[in-house]
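Read the structure below first, then the notes.
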């Protein structure tokens, strides 16, 4: 492991990086940087790819919410390379192939450097695949490398924008870009006043179209106009309720200066313990299956399935394509069941990996609580006792939470939710966590004495 570090660390030193703040970033400054990056993201998403064919079709539209990219712009790749790099490293660390202890500063810094390097490699690799397989067809052969260069630059810009948000803003850039893209898609999908080519004169927005047909005495299609909006509302309510669910472990102060000895409180464990990361990672993994299906078909070996007009029509790639209509339950039940089992299973796997790698597993939480001088009433104060009790709860809620978000995303996709079921699920969770972080930061700015207690 030490030899690997010696080989890679010189590379990390030459990679550009966003400087970490040497002080606690105030609330207003975090808000400023988050706003600036959001404006930059929307601006870059409107810069078109020079040399792209006018007939190019978004073959990965079903993953667009998770990619947080805008097809046809320099941000077409979105956060795909970042998440793909994260998947590879999580599997390597989780499988003990890379023996890193991410609670140690040195190992965590090495992990982050390796992730950035791998994300840049994936940016070029995915740009190459998108262009050479025809997913982003050039208008002329001489524009092939021009397109690859533009996509690579856009992907690298996303990597550094994400780093700015993570260090200077609220939440993470990955979450911010997903929420921004899906929110835009929901607003346009619901209220677009322009008519679609398939229905001249009828507004393309689900709500505007429904009202137009209603007021002109026509009968709106329930499954097309109403069901996606109802599914959107249902997913929103379920996610908000699930985010508020907690398993609370009673704790008390075993001594110390900050609080009086014996003060009793509760340590909350979220039901969705791994947040929405399992869904992001699972969706990104399935996207890579579709990409590889295109590559193998281009090479003349369609081992993952046949791709026609950018869509998998058979094989494993087809089975791992999300069903987007309730009709699929009747027309292709095997595919629906197969996809559901794989999707939910992967969400559980990534939930477990994320908990271990993010240092929120029983061992790390036990050490944190013990170092704060906490104890559980009725038990002796020891790190081992903390870990033993937390092991009763954290693994269980990790598995249940991962399965829950996977099932919810699958069902929401099946109903054709406005903004995409997975996209809505991710956005609601991201915005909810962002709201909590903003509220906490504002509270600490108003009451500085709370900073030490909240661990800042």
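Here the Cβ of each residue, glycine as well, is placed from N, Cα and C on the backbone.
Swiss-Prot assigns residue 89 and residue 442 to topological domains bearing the same name, which places both on one side of the membrane.
Per Swiss-Prot, the stretch carrying the note transmembrane segment among 276-297, 298-319 is 276-297. Only residues 6 or more beyond the boundaries of the intramembrane segment (68-79), in the same chain, are considered here, and those with a CB under 8 A from a CB of the stretch are 41, 44-49, 52, 56, 58, 60-61, 123, 126-127, 130, 136, 150-151, 153-155, 157-158, 162, 173-174, 177-178, 180-181. Proximity of the transmembrane segment (142-166) to the transmembrane segment (420-434) is not established, fewer than 3 Cβ-Cβ distances being under 8 Å for residue pairs spaced 6 or more apart. Note on the topological domain 'Extracellular' (298-334): residues 57-60, 62, 132-135, 223, 286, 289-290, 292, 342-343, 410, 413-416, 422 of its chain, located 6 or more positions outside it, place their CB under 8 angstroms from a CB of the stretch. Between the transmembrane segment (110-134) and the transmembrane segment (173-191), fewer than three CB pairs separated by 6 or more residues in sequence fall under 8 Å, so the two stretches do not touch. Touching of the transmembrane segment (276-297) and the transmembrane segment (420-434) is concluded from the presence of at least three CB pairs under 8 A, sequence neighbours closer than 6 excluded. Proximity of the transmembrane segment (398-416) to the transmembrane segment (225-246) is established through 3 or more Cβ-Cβ distances under 8 Å for residue pairs spaced 6 or more apart.
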